[in-house]
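Over in Swiss-Prot, the protein carries these features:
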- 164-217: ATP binding site (BINDING)
- Asp286, Glu299: Mg(2+) 1 binding site (BINDING)
- Glu299, Asn301: Mg(2+) 2 binding site (BINDING)
- 138-332: domain 'ATP-grasp' (DOMAIN)
Amino acid sequence: MGQDKLKVAVLFGGSSEERDVSIASGAQVIQALRSAGHQVLAVDTASGLLGAEEERRLLASKVKEVPPDSDSLAIIRSGKQSLLSAGELAGVDVFFLALHGGTGEDGTLQALLDAGGFAYTGSGHLASAMAMDKDVAKRLFLAAGVETASWLMAPASEEEVREQLGFPLVVKPNSQGSTVGLSIVHSQAELQPAIELAGRYGDEVMLERFVAGREVTVGVLDDQALPVGEILLGGQEVFDYEHKYQAGAVREVFPADLPPAIAAEAQRLALKVHRALKLSGYSRTDFRLDEQGRLWCLEVNTLPGMTATSLLPQAAAAAGIGFAELCERICRLGIERCKGARKARS
């Protein structure tokens, strides 16, 4: 890699329902960047800069089978400290956002960093906000010519659901990741309980036509599509929270065993999504491939999982990019983007 070494503050943890996943990402990113010779600070956005013992304890924790409950998150949020006032963060070259969900992914933290003139990884605040809002994102998919399943926002009448979506359908919070609060609904009787569950995790709830088929995913790095991957669900209807983060729950294949034309189309569509939402640095877009060979865009992730075995790093590995190199490239892309943004404003 041969460039100047960086001072990187890795932001992780936080107080969203994806806290455990973020800690796992942060642990791996910190280790990778340190192995490459960079100076790394570990910052839990719920509590601030971590000392050595705090860092060891927190980063050794594992992702549980279910997301943290609301009471646990309320305790974490009540102790929240100021993130950007710590003197130890002076001289940081870039903030690596190993955050998932909540204010770490929805543009809030990005706007704060922009206002402070700090360089950070991933997309800017407007792009992050658009991608996190599934309703807005799906409208942009369609505007870009990328097919996505029909949807309605709750509340919706029985007639609207029956005529526009049918059963089974997917019920999920409009602004959550990792399938938190998501249900597959097979009848009208199951619908209201599923809406109530999703409503615990956000103010808006989406109802979406269920697309049966193969689950494929495409990472984008520096405006280039990475090799396509497939998640072999093993009979599961959906790649849910438990199966995403428990070892051996599913099998992930990179590159996917797909006809070359379909793989190329998935890459083309992922790039269209990345550009339509004005994303930067890196992203990961998930699709369903139906029996007719049509690709349906499910969602785009602006801060995808960053453990060494997460989907984006697996895609990078299939392209010959090791995990430490991937983390460094993401850092340098963030620095370049923020320099460009500052120059444009001056």
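Glycine residues also receive a Cβ, built from the backbone N, Cα and C atoms like all the rest.
When the binding-site residues Val171, Val185, Met206 are compared by the number of other C-beta atoms lying within 10 angstroms of their own C-beta, Val185 comes out lowest. For Gln192 (ATP binding site), the number of other Cβ atoms no farther than 10 Å from its own Cβ, over all displayed protein chains, is 13.
Counted within 10 Å of its Cβ, the other Cβ atoms near Gly213 (ATP binding site) come to 16, all protein chains included. Just so you know, the Cβ of Gly199 (ATP binding site) picks up 15 other Cβ atoms within 10 Å once every protein chain is counted.
Nearest by CA distance to Gln164 (ATP binding site), out of the binding-site residues Asp286, Glu299, Asn301, is Glu299. Taking only the Cα positions, the spacing between Gly199 (ATP binding site) and Asp286 (Mg(2+) 1 binding site) is 23 angstrom. Under DSSP, Gln192 (ATP binding site) is assigned to a helix (H, G or I) in the three-state scheme.
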